[in-house]
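Colleague: Just passing along the structure, written as structure tokens.
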Amino acid sequence: MYFFNIEALKQQLRDKQLTQAHALSYLVALLVLWYLPIGQLGDGTTAWDQASLWALLVIMVSGTVMAYRANGGSQGDQFLERFISLSWVVFWRILPMLFLLAWLAVILHTMTYGDSHYQLTVYGFGFSVVAELLYYQRLCSHLRQLNGTETEGHYVHS
């Protein structure tokens, strides 16, 4: 993995020597760098804020690695292309369900804590974890289907 040597990276790309494993490394590193500052946007005053930060980071990294494996690992094809394009469509397909889950979390929060100022609670934490797990489950399922290891929602046993 290159950090500063852009010319060496460009040569590796020109020579088509960037492996699927290298692509995974770059993707995970980029996702973590994007996520950490965003994950710290909350005030961090509750244990749920910290639990959410670390739980979602673990789910994101492990979900991305699972997606890589669902795509065939080092023998897979077009991991980045598939990951990015399928992620876009999966997001839009699960968005209505996420709205319903968020609405349920807000109702439960209001019933439990009233209309006090917002703090992340077990309901918000639960929503975040379920939403991210759902996203990665759907993404991995579609990658397995593309890879030929899952059809019609059922695994093909080999």
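Positions of Cβ are set from backbone N, Cα and C atoms, glycine also.
These came from TrEMBL, pasted as-is:
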TRANSMEM  21-39  transmembrane segment
TRANSMEM  51-71  transmembrane segment
TRANSMEM  83-106  transmembrane segment
TRANSMEM  118-136  transmembrane segment
Colleague: So are the transmembrane segment (118-136) and the transmembrane segment (51-71) touching or not, going by 3+ C-beta pairs under 8 A with a sequence gap of 6 or more?
Modeller: yes
Colleague: I need to check the long-range neighbours of the transmembrane segment (21-39): which residues 6 or more away from its ends have a CB within less than 8 Å of a CB in the stretch?
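Modeller: Residues 1, 12, 52-53, 56-57, 60-61, 64-65, 68, 73-74, 79-80, 83.
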Colleague: Is the transmembrane segment (83-106) packed against any residues at least 6 beyond its ends, judged by a Cβ distance under 8 Å, and which are they?
Modeller: 27, 64, 67-68, 71, 123-124, 126-127, 130-131, 134-135, 138-139, 142-143
